[in-house]
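Q: Below you'll find the structure I mean.
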Amino acid sequence: MEVMNLIEQPIKVTEWQQTYTYDSGIHSGANTCVPSLSSKGLIEEDEACGRQYTLKKTTTYTQSVPPGQGDLEYQMSTTARAKRVREAMCPGVTGEDSSLLLTTQVEGQTTNLQRLAEPSQLLKSAIVHLINYQDDAELATRALPELTKLLNDEDPVVVTKAAMIVNQLSKKEASRRALMGSPQLVAAVVRTMQNTSDLDTARCTTSILHNLSHHREGLLAIFKSGGIPALVRMLSSPVESVLFYAITTLHNLLLYQEGAKMAVRLADGLQKMVPLLNKNNPKFLAITTDCLQLLAYGNQESKLIILANGGPQALVQIMRNYSYEKLLWTTSRVLKVLSVCPSNKPAIVEAGGMQALGKHLTSNSPRLVQNCLWTLRNLSDVATKQEGLESVLKILVNQLSVDDVNVLTCATGTLSNLTCNNSKNKTLVTQNSGVEALIHAILRAGDKDDITEPAVCALRHLTSRHPEAEMAQNSVRLNYGIPAIVKLLNQPNQWPLVKATIGLIRNLALCPANHAPLQEAAVIPRLVQLLVKAHQDAQRHVAAGTQQPYTDGVRMEEIVEGCTGALHILARDPMNRMEIFRLNTIPLFVQLLYSSVENIQRVAAGVLCELAQDKEAADAIDAEGASAPLMELLHSRNEGTATYAAAVLFRISEDKNPDYRKRVSVELTNSLFKHDPAAWEAAQSMIPMNEPYADDMDATYRPMYSSDVPMDPLEMHMDMDGDYPIDTYSDGLRPPYATADHMLA
């Protein structure tokens, strides 16, 4: 019997768009049909592969044929045997309609007899399927050597017909398993696919590998046969069905075959995949983008290749133009991975990535919303100057009302960055109840520093240097935020949170109405306690001659500067001045005048300038020997430091004898005010005490601290984003949860 007659007519493939599951078929084992990549229709493979061809050559297999019989006779006897088994076990079963019962039936109703007969009919059907399965396996096994030989034939017509036959065999489970067990045949299919220029042959061979890739044994056979470079080559095919088969097969390999990712990278698979993002079939794009995510995750070189081939722009376009949830989710996963790459981040933002991601923050898909939030969080430190983020900011403020930890972490972090040195964004968030929402988030966060610390930083930004800053300062008090904020100064809170809280308290103190609530919350003793502890730690390292290390990413000198600066602003209130003086802080402030850190010298001179308004404090300052370091600071390059020093010297000299006052006056005039008479008047009236700190008067360090970010528990290939630095003491950026995606690669 001819080889072609060993198989039945092909079974029509279920349309892929209706039955597509995200495993590309490997879990269900269901074969799929090729979608149109242009969304214009389907190519029915049955039209190409459903015709039968007669081959003039047969092969005899002596090892499995009874002595004295030819292959044809043995096949006939096997067929007859199967027929006899059917007739013996299931009499009357002869074809597709054999399951119908010969009984009278009222149209639209099932008779009692039919219902009683259902179990026996099911048993009969199962037996028939079992017989057919065995037949398929036996026939495919006997045909494999001949088909392998035909695939290697020099005649392209013969090769095409052989590929069609193997394709039909690969659609049935029994024969497909037989094909997977033949490395020679799989290698022949791969070789044929790689070398052919015939479109029908290319379609059939890619279809074969696609069907085999539904099983782990098939994936291994494809991988060992060098199928990955051949499949990557097929990504350049003009035939849409070939593209579909190639990308889904590669997707299954990337998911489940060890070593496939490296093989795809070495075959320049990324360079071929990124241009496919310009196709317009959503389900094809979903598989393509997931391939990109699998390849880019944990591999910096892959991220740069995607960038070089225009990937960020194409991905942002998908987020902007499509509504298919699975595509949006897979695309957001790629952007999430790319958002921790310093080179990709600006490209995504410049392509409109912030706005495109913001569109989906109100989606009904929690997994899509979460990916968009993480990506926005990671991109936000390079998006502080972006326009058109009004709707994103409003949504982020609304997201602060939810209880999900990941949502709160992302929303607070993004708001912290987007309000950094951006007066427009600060005003918008303040006007949309952002202060109230942030305070409530802090109250609900408990001990979760990943939420509390960026929320405090955002409040710090909102309470300074924009038209609504005073409104924000008052809003913190009116929403009962001051007691909760002051409590954050307590140890054992992490130093980054303590540092951010100190900065917020300094800004709140700029509002006179906040002085009494701050004093009632015992903020001054806590600040002094932190100041003493931090200064002692810093001095120990100075005495030992060692460089001061970071504690949780914060240097103790930053805490010294922050506490002193906050006390400087609080000292504007007479009651606060008295409390600060009674805590015996003047010796420490005088000692800080000798600091090698210019910013610490400035804030120390500033707080002494405030305290010197009271005669008792001025005398104490003079008694501590402050005149000498203050005279030195008159020559400081920092104009603010010199002005504060002059004001203190002028105040403590008021009760001195005329000769001393004259000497101080001459020194002040010669060193500081020689060319600026107005500055002398300013020092006399201590004008600087009425002005808030400007940005350039804050510290410029940008330390880091580690924070584990929850993994994305979706699918078996997850990505995790890792550490992020806190912002500066003033308005500072919070770079992304950066380079930890290698941890799960």
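Just so you know, glycine gets a Cβ as well, placed from its N, Cα and C.
Sharing the record's features from Swiss-Prot:
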{"type": "MOD_RES", "residues": "Met1", "note": "N-acetylmethionine"}
{"type": "MOD_RES", "residues": "Ser99", "note": "phosphoserine"}
{"type": "MOD_RES", "residues": "Ser125", "note": "phosphoserine"}
{"type": "REPEAT", "residues": "172-215", "note": "repeat 'ARM 2'"}
{"type": "MOD_RES", "residues": "Ser182", "note": "phosphoserine"}
{"type": "REPEAT", "residues": "383-420", "note": "repeat 'ARM 7'"}
{"type": "REPEAT", "residues": "423-464", "note": "repeat 'ARM 8'"}
{"type": "REPEAT", "residues": "470-510", "note": "repeat 'ARM 9'"}
{"type": "REPEAT", "residues": "512-551", "note": "repeat 'ARM 10'"}
{"type": "REPEAT", "residues": "574-613", "note": "repeat 'ARM 11'"}
{"type": "MOD_RES", "residues": "Ser665", "note": "phosphoserine"}
{"type": "MOD_RES", "residues": "Ser730", "note": "phosphoserine"}
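Map the listed features onto the structure and describe their local environment.
A: Averaged across the repeat 'ARM 2' (172-215), pLDDT in this predicted model comes to 92.
Ser182 (phosphoserine) is surrounded by 18 other CB atoms, counting those within 10 A of its CB over all protein chains shown. Under the three-state DSSP scheme, Ser182 (phosphoserine) falls in the coil class.
With DSSP classes pooled into helix, strand and coil, the tally for the repeat 'ARM 7' (383-420) is 24 helix, 0 strand, 14 coil.
Same-chain residues lying 6+ beyond the ends of the repeat 'ARM 8' (423-464) with a Cβ under 8 Å from its Cβ atoms: 384, 389-390, 393-394, 397-398, 400-401, 403, 405, 408-409, 411-413, 415-416, 471-473, 475-476, 479-481, 484-485, 488, 493-494, 496-497, 500-501, 503-504, 507-508, 510, 692-693, 707, 726-727, 731-732, 734.
Long-range contacts of the repeat 'ARM 9' (470-510) within its own chain (CB-CB distance under 8 A, at least 6 residues past either end) are made by residues 426, 430, 435-436, 439-440, 442-443, 449, 452-453, 456-457, 459-460, 462-464, 517-518, 521-523, 526-527, 530, 551-554, 558-559, 562-563, 565-566, 569-570, 572, 692-693, 698, 703, 705, 726-727, 729-730.
The list of residues near the repeat 'ARM 11' (574-613) in space but at least 6 beyond its ends in sequence, with Cβ under 8 angstroms from a Cβ of it, reads 515, 519, 524-525, 528, 531-532, 535, 557, 560-561, 564-565, 567-568, 620-621, 624-626, 629-630, 633, 636-638, 640-641, 644-645, 647-648, 651-652, 686, 688-689, 697-699.
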Q: How many of the residues that make up the repeat 'ARM 2' (172-215) does DSSP mark as helix, as strand and as coil?
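A: Residue counts in helix, strand and coil order: 35 helix, 0 strand, 9 coil.
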Q: Give the residue counts of the repeat 'ARM 8' (423-464) per reduced DSSP state, in the order helix, strand, coil.
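A: Going by DSSP assignments, the repeat 'ARM 8' (423-464) contains 35 helix, 0 strand, 7 coil.
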